[in-house]
Amino acid sequence: MALTIASLHSQLLIILVGSLALFLAIIQPSLAHSRKLIVESPEKAADSDRFGSLDDVRRYLERFGYKEKPFEYPNGATGDTLTTESSLYEAISLYQQKNHLKVTGKLDTETAARMRTPRCGMPDIIPSGRKGGSTAAGHHHHGTSKHGKLLHVVGHYNYFANMSPWTKSEITYSFTSTVPLVSLENLRAICNRAFQRWAAVTPFQFREAGEGDPEADITIGFYTGDHGDGVPFDGPGNVWAHAFAPQDGRLHFDGSEQWSTSTPTLDETDLESVALHEIGHTLGLAHTADQDAVMYAYIGQGDVKRELQQDDINGIRALYPSK
Ligand SMILES: [Zn+2]
Ligand SMILES: [Zn+2]
């Protein structure tokens, strides 16, 4: 009796193993096909939770503007979903190019690590509707050398497409915060420092309007989840803030983040660095490919970027020339 059960068990086991092998043989070709794009080093598997599947990568890329047909493609299309593997390959390549990563078209370790870094919620690629034009693919401009020779310089900064840059010299701002995360006193001091950095390189003067004044040009506040502007925040991690192109003026911080108002620890986000970045958006700058610049999309936890870099200054000066 015992023998019979044992042999029955082993027969079952053989059947099970056999079916598993058959199942694997059937799905193997499609797995092998997809695996080309997935993280290559298994020891990093724990890190890849957020990008456990190609769908996660696809969603991430689409969210930040890497569509099947980015606007900069010659046909002028404004983008489509990443439905095929070749379009995903293209999108990953473009993402790597825009982030100055090695362009492999694959979700390699370095690329996955960048995607896991907390960032701004504004897309990197913004449809321009301009035929064959590009505002987000690297801004080309010309400079003149000391000897008067025309230099062709490729900058990294970008602008929002179809925006209306500010035309007045005094821009007002107010605090409309709903989540009491940071005292108004702290927020005011931090934003004031950030505005002064931009004032130093633009023709603008920034002045605080009355508290909560909805008529102010720029309105600043902390919000969580869906807060009525069509761009819900995602809770802790990933996206920390967003701000709209001029002359919209809305600048929102994600109230679910661990904000630092002094020196950030490794699990805090530096409010002043993010404020400086988001003010750049309210003035018309989009994301740059220059990783050192304030207008780069990523600021990791514990990172501090409170000074404008040359790329930021070149970008804003080209948009608003001072005398
Ligand atoms: Zn941004
Ligand atoms: Zn918002």
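Glycine is treated like the rest: Cβ placed from N, Cα and C.
Worth saying up front: this structure is predicted, and the values here are computed from it rather than measured.
For the Zn(2+) 2 site, TrEMBL lists Cys120, His277, His281, Met295; matching the candidates His100, His287 against that entry yields His287. Proximity of His242 (Zn(2+) 1 binding site) to non-local residues of its own chain (separation of 6 or more, Cβ distance below 8 Å) is seen for Cys120, Gly121, Met122, Val231, His252, Glu278, His281, given in sequence order.
For Asp234 (Ca(2+) 3 binding site), the same-chain residues that are 6 or more apart in sequence and have a Cβ closer than 8 Å to its Cβ are Gly121, Asp254, Ser256. Screening the binding-site residues Asp229, Gly235, His252, Glu257 for a C-beta under 6 A from any atom of ligand 2 leaves Asp229, His252. Annotation for Asp229 (Zn(2+) 1 binding site): same-chain Cβ neighbours under 8 Å, separated by at least 6 residues, are Phe244, Arg250, His252. On the backbone, the CA of His287 (Zn(2+) 2 binding site) and the CA of Glu257 (Ca(2+) 3 binding site) stand 21 Å apart. Using a 10 Å Cβ-Cβ cutoff, His287 (Zn(2+) 2 binding site) registers 29 neighbours. Secondary structure from DSSP puts His281 (Zn(2+) 2 binding site) in a helix.
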